Amino acid sequence: MDKVCAVFGGSRGIGRAVARLMAQRGYRLAIVARNLEGARAAAGDLGGDHLALSCDVAKEHDVQNTFEEIEKNLGRVNFLVNAAGINRDNLLVRTNTEDMLSQLHTNLLGSMLTCRAALKTMIKQQRGSIVNVGSVVGLKGNSGQSVYSASKGGLVGFSRALAKEVAKKKIRVNVVAPGFIHTDMTKDLNEELLKKNIPLGRFGDALDVAQAAVFLLESPYVTGHVLVVDGGLQLTM
């Protein structure tokens, strides 16, 4: 049976690194991003017969159409990675409601919608694996990231509850929780200052997180787990 993996947020950063590893392992990939050109570029870099799609994960209709296109072109999805995410860092008293909702909708609701759509086919197959990309601040919290922390903390609770719901269907759900990783989201941070708080003394790379995500995707006896990939940052928070 074909191994079909949908990677939301697959056009850059962690999602793109996951897609690269999965392609090397023989998976057929659907690279999904808001920006279709970015998705096409990422899919093209992989070589082979991979699919590029545009989707706003916070819109139910978009998500449903995306899964229909994947099934029509690649087959039923049996692996799902939710790496789409945004941040709008600010103190809560300075955060407007629009920025609150955009983070909650993309980071939490979006993963709920993609998981629900994927489960419809995974349950029929009686197998499947889902990895949601969280964050260490969803576990520890961080000043100036209260809303982002809430969205990622909510993702952990959601993933653990979902893991319980679908375990009897042979479907696994896990979370990878990165710390400071070299991506577009961290490019403006003061790395020299921040890495002093990281026991391993450096920011991670997208590949560091991707390797952990692939481990969770393929480990048949791991579910409901949160794998922190942060160079030891949580030890100091």
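Just so it is clear, glycine is given a Cβ too, placed from its N, Cα and C backbone atoms.
Under the heading active site, proton acceptor, Swiss-Prot lists Tyr148. Cβ-based neighbour count (10 Å, all protein chains) for Tyr148 (active site, proton acceptor) stands at 27. Tyr148 (active site, proton acceptor) falls within a helix when secondary structure is assigned with DSSP.
Taken from Swiss-Prot, the feature NADP(+) binding site applies to 11-14, 34-35, Asp56, 83-85, Tyr148, Lys152, 181-183, supported by similarity to another entry. A sphere of 10 angstroms centred on the C-beta of Asp56 (NADP(+) binding site) encloses 17 other C-beta atoms.
Sequence-distant neighbours of Ser135 (substrate binding site): residues of the same chain at least 6 apart with a C-beta under 8 Å from its C-beta are Tyr148, Ser149, Lys152, Ala177, Pro178, Gly179. As annotated by Swiss-Prot, substrate binding site applies to Ser135, with the evidence given as similarity to another entry.
The N-acetylmethionine annotation in Swiss-Prot covers Met1 and rests on similarity to another entry.
What Swiss-Prot lists as N6-acetyllysine is Lys195, and the listing cites similarity to another entry. Neighbour list (Lys195 (N6-acetyllysine), Cβ cut-off 8 Å, at least 6 residues apart, same chain): Phe180, Gly201, Arg202, Phe203.
In this structure, Lys169 (site 'Important for interaction with acyl carrier protein (ACP)') is part of a helix by DSSP. The local packing around Lys169 (site 'Important for interaction with acyl carrier protein (ACP)'), expressed as other Cβ atoms within 10 Å of its Cβ over all shown chains, amounts to 15. Taken from Swiss-Prot, the feature site 'Important for interaction with acyl carrier protein (ACP)' covers Lys169.
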Checklist line | Among Ser11, Thr183, which are binding-site residues, the residue with the most C-beta atoms within 10 angstroms of its C-beta | finding: Ser11
Next item on the list: Determine the Cβ neighbour count for Ala84 (NADP(+) binding site): the number of other Cβ atoms within 10 Å of its Cβ.
Entry: 25
Note to self: Just to confirm: which same-chain residues, 6+ apart in sequence, have a Cβ under 8 Å from the Cβ of Arg34 (NADP(+) binding site)?
What the structure shows: Ser54, Cys55, Asp56, Ala84
